[in-house]
2 protein chains.
Amino acid sequence: MPKIAKQPVWQVSWQLTFKTTGRTLLDMKNSAKAQDTRSALIEAGIEQLSNYGYHGTGIKQILDAVNVPKGSFYNYFPSKEAFVADLLTHYIQSHLDEQDAFTANSRASPLNTLRQLFQKGIERYEAQGCQQGCLIGCLAAEIGSTKGLCQNAMKAAAHAWEERITTLIEQAQQQGEVRQDLPAAALARLVWSCWEGALLRMKLEGKVDPLQDVIDHFIDRLLAV
Amino acid sequence: MPKIAKQPVWQVSWQLTFKTTGRTLLDMKNSAKAQDTRSALIEAGIEQLSNYGYHGTGIKQILDAVNVPKGSFYNYFPSKEAFVADLLTHYIQSHLDEQDAFTANSRASPLNTLRQLFQKGIERYEAQGCQQGCLIGCLAAEIGSTKGLCQNAMKAAAHAWEERITTLIEQAQQQGEVRQDLPAAALARLVWSCWEGALLRMKLEGKVDPLQDVIDHFIDRLLAV
């Protein structure tokens with residue numbers, strides 16, 4: 001399975017050094033404070049983008065949320081687009097890490113593990129009041145291919161998650177839990193689409209029923225043998 | 001099946017009448033020009049919103065697109081939110097009318113009619129270069145429940161379209177074309193979700209393959225008997 005790089009694909013760094021001695025006075029790249037600020041900006045960005053979308057989120061409101069002075073944003077990120085692309089990579093990686101840990105520790109069958117992963121998703125969305133969907137799906141709908149850096153990050157995210165689903169379905173097929181007339185990858189793509197569409201519906205209806213349908217009807221009836 | 005009102009749910013109207021005689025000098029409500037401008041604003045709005053989303057679309061760019069002077073927007077619509085809600089109702093109704101006409105004239109079986117309806121959708125999205133998804137899905141992702149008027153219009157749109165799918169699946173079940181272990185309405189909700197999620201994926205991938213998967217794998221394999 002391809003692993004999404006944990007580290008951002010680029011990094012802004014600057015150093016303040018004494019011209020005479022070459023001694024480093026301030027190293028922004030390695031400064032713990034800079035890393036903290038960077039992480040805080042990413043966390044605030046995820047929150048704001050989940051609620052207001054790409055165009056509805058201004059750099060200013062993110063800086064305000066973490067008390068970072070206006071103007072210093074570009075010390076951390078070269079552009080809004082690069083910031084969002086980096087944030088999407090961070091967002092998906094934290095979800096994948098969580099899912100991988102859950103799967104690795106699961107004693108349930110592959111199909112039950114898949115079911116439980118989605119059930120955990122339902123609990124998370126319900127705790128958020130059904131207002132925030134999947135950030136990947138929401139931004140795919142809003143900006144699609146118009147922001148190249150973000151599009152690449154979202155495609156990688158979708159593929160990485162789909163690979164996890166494929167592996168579980170493949171194992172479930174081997175154990176005779178899931179129908180075998182279609183390849184696991186094809187079924188995983190349908191599960192991805194169905195879940196993302198159900199998340200849109202959840203936002204409209206303000207309830208998790210469309211997500212529960214994916215488990216109760218799609219996984220348990222259409223996929224399960 | 002509930003029918004979405006063809007007429008907008010509200011209308012701004014103003015008349016200029018002579019105080020002495022009561023004769024109408026100008027009736028904005030019934031003026032053909034006003035109706036034309038209103039329709040042109042809605043068409044331009046659909047185009048802009050499909051490309052740039054709710055927050056990425058300004059009133060100014062819509063007015064510019066149809067050469068309507070700045071400031072006159074509020075003669076036609078009380079707010080941006082009301083405009084978008086009205087536009088969504090118009091958008092879905094034109095699609096429903098088209099689908100209803102196609103279904104009424106179809107000589108194919110119910111399942112084949114459903115298949116053909118989605119195939120027509122694929123051709124439309126492909127002709128648009130896979131950049132514009134379903135306006136309902138895209139705005140549901142972006143603004144969800146944050147704009148009450150739009151949310152109501154989107155919910156009504158989703159229900160109206162789902163009702164059409166339900167009816168076709170119900171007929172297909174009666175004719176033994178579709179599995180009968182789940183109610184038609186439950187299957188229709190899954191089809192809705194799967195299609196809307198596949199549209200997100202289409203925008204990311206820049207190709208209609210995820211939509212074709214819905215027909216080839218979901219409808220033809222998971223639903224069909």
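Placed from the backbone N, Cα and C atoms, the Cβ positions cover glycine too.
Curation does not apply to TrEMBL; its annotations are automatic.
Listed features, source TrEMBL:
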type: DNA_BIND; residues: A:58-77; note: DNA-binding region
type: DOMAIN; residues: A:35-95; note: domain 'HTH tetR-type'
Summary of DSSP states over the DNA-binding region (A:58-77), given as helix, strand and coil counts: 11 helix, 0 strand, 9 coil
Residues from the same chain, set at least six apart from the ends of the DNA-binding region (A:58-77), whose C-beta lies under 8 A from its own: 12, 14, 28, 34, 37-38, 40-41, 43-45, 47-48, 83, 86
Per-region confidence, the domain 'HTH tetR-type' (A:35-95) (mean pLDDT, whole number): 90
